[in-house]
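Visitor: Feature annotation from TrEMBL assigns domain 'Major facilitator superfamily (MFS) profile' to 117-529. Summarising the annotation, TrEMBL assigns transmembrane segment to 186-210, 242-261, 273-291, 340-361, 381-402, 441-461, 473-497, 503-525.
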Amino acid sequence: MAKFTVRAENNNLFNFPNFVNHKVSIFNTLRPQRLNLLAQNHSLKFRVSCSIIEREKEKALERQRILEGLKVNGELSKKGELISTSGNELGAENEDKEVGFEWSWPPWKNLPQRYKLIGTTSLAFVICNMDKVNLSIAIIPMSHQFGWNSSVAGLVQSSFFWGYALSQLPGGWLSKIFGGSKVLEVGVLVWSLATMLVPYLAGFMPALIFSRILVGIGEGVSPSAATDLIARTIPLEERSRAVSFVFGGLSFGSVTGLLLAPPLIQNYGWESVFYLFGFLGIGWFLGFQLVKEDRPWFSTESMSWPPSFSRNKSMGSSLGELSASLKDVPWKAFFKSKAVWAMIYAHFCGSWGHYTCLSWLPTYFSEELNLNLTEAAWVSVFPPLASIFVTSIASQFADSLISKGVDTSVVRKICQTIAFLSPATCMILSSLDFGLPPWEVVTILTGGLALSSFALSGLYCTHQDISPEYASILLGITNTVGAVPGIVGVALTGFLLDSTHSWSISLFAPSIFFYLTGTVVWLAFASSKPQTFSEGD
């Protein structure tokens with residue numbers, strides 16, 4: 001025999017003075033019961049109880065449920081309130097047990113804090129690249145509308161990287177002082193608002209460039225902010241997966257943006273992609289307030305830090321203290337390290353291939369392979385889509401090697417070498433005139449660019465490896481140099497294209513050069529050995 005009981009607990013809605021200590025039960029057959037309506041709290045809880053004849057099975061189930069955080073009849077809740085009453089009113093022969101179930105909202109409430117932070121940060125990166133790639137699609141109808149040639153289109157696209165480069169070091173420093181969480185949410189708000197301004201400013205070139213600079217500034221602080229979060233909360237043996245999950249959001253954002261942009265442009269005009277994608281960033285900002293509202297920044301799960309390193313004082317620091325904290329950064333020690341210089345050059349080389357392809361591949365597919373806007377956008381989806389798959393493999397591969405005792409520096413060198421040599425080889429094959437059909441060229445480029453995602457388990461983990469405390473600042477340094485290809489490379493590609501009318505010379509040849517030289521420098525000087533960066537180093 002089984003029974004089901006439904007009752008409302010701790011509810012002010014039923015605070016009737018003439019009805020105290022009543023309870024209602026609903027059974028297979030109706031029986032008169034007492035209605036228990038107590039006003040003890042402002043929250044409304046519903047509890048479903050069941051009784052089962054099989055006593056021994058019920059005891060085993062109770063032990064299991066207690067371990068999972070469920071409350072057994074007769075126990076007290078965390079607030080000290082009686083949460084259930086006995087079931088002996090039906091008769092002792094049933095020997096009932098009542099087990100209560102509580103539903104918590106929001107669904108992520110009981111997740112460990114580091115998972116919430118990593119998940120929301122990855123989502124921010126999805127929106128980040130959606131707002132980055134929207135222009136690479138919209139630039140085609142915008143160029144037709146405003147009469148821009150390739151050089152002007154390259155200038156408009158490269159203006160994003162001016163702000164991106166300017167915000168790298170400030171983003172790393174601010175993340176160290178105020179925390180990556182605060183810096184990230186402000187960055188998302190800035191770039192989202194600036195994205196929504198693009199349609200209003202497109203007819204006036206200086207204003208358009210300024211709006212894209214603002215987008216670059218907002219997005220430029222996000223890598224350092226994410227690095228700060230990962231370095232503080234994720235242990236070494238989980239770091240490759242965390243970095244890959246967060247930065248893998250960029251690939252997913254590219255896929256989403258490239259899929260959504262063409263139909264939006266064709267049905268609602270190119271302005272629609274800026275409105276919609278900007279609105280998504282505003283929504284993320286509002287939702288992030290709910291995710292973080294119940295947390296202290298440092299939880300018991302966070303990594304330990306030296307006593308001198310505290311963020312509690314940051315929000316109340318004066319400008320003098322902030323200036324002093326900037327002087328405390330061991331800048332000279334950074335630039336004396338061969339490993340840091342290897343990261344700087346590797347970041348520059350990887351960014352050259354990534355940013356030029358991100359900005360120009362849709363146009364390359366449209367003009368060189370004679371695809372229309374929709375087809376070019378769909379083809380452009382393949383590299384980032386494949387990167388999502390490769391990223392998961394690379395992260396598991398790297399963490400597996402580290403857990404088996406392989407030296408971390410060796411693992412990072414292997415992953416970064418794959419990330420450089422793979423796209424270089426595929427670009428060489430694509431640039432040579434083998435008479436390959438368009439879809440074979442697409443397949444080759446997709447494979448090479450996808451394998452470049454091994455960098456997320458190589459270069460992008462090295463900042464946290466050598467110094468978790470200064471990881472955000474180190475990434476700010478390398479990413480500042482890494483943003484230069486976005487400024488120079490994207491614009492130079494457009495200039496060379498106008499001059500030579502050759503995609504092999506303008507797009508592929510420079511990238512191949514930097515991928516090969518970057519491999520040599522990385523293998524010679526890169527290291528993941530932890531460094532203190534003290535004055536004596």
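Even glycines carry a Cβ here, placed using N, Cα and C.
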Visitor: If you average per-residue pLDDT over the domain 'Major facilitator superfamily (MFS) profile' (117-529), what number do you get?
Guide: 85
Visitor: Against which stretches of its own chain does the transmembrane segment (186-210) lie, if we need a Cβ under 8 Å and a gap of at least six residues from its ends?
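Guide: Contacts with the transmembrane segment (186-210): 124, 127-128, 131, 134-135, 142, 146, 155-156, 159, 171, 216-222, 225, 270-271, 274-275, 277-282, 284-285, 288.
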Visitor: So if I exclude everything within five residues of the ends of the transmembrane segment (503-525), which remaining residues of that chain have a CB under 8 angstroms from its CBs? That is, six or more out.
Guide: 338-339, 341-342, 345-346, 348-350, 352-353, 356-357, 360, 364, 368, 413, 416-417, 420-421, 423-424, 427-428, 430-432, 458-459, 485, 489, 492-494, 496-497
Visitor: What residues elsewhere in the chain lie close to the transmembrane segment (441-461), defined as a C-beta under 8 angstroms and at least 6 residues from its ends?
Guide: 239-240, 243-244, 247-248, 251, 343, 346-347, 350, 353-354, 357, 361, 365, 369, 379, 382-383, 386-387, 389-391, 394-395, 397-398, 411-420, 422-427, 429-430, 475, 478, 522, 528
Visitor: Check the transmembrane segment (242-261) against each of 273-291, 381-402, 473-497 and return whichever range has the most CB pairs under 8 Å.
Guide: 381-402
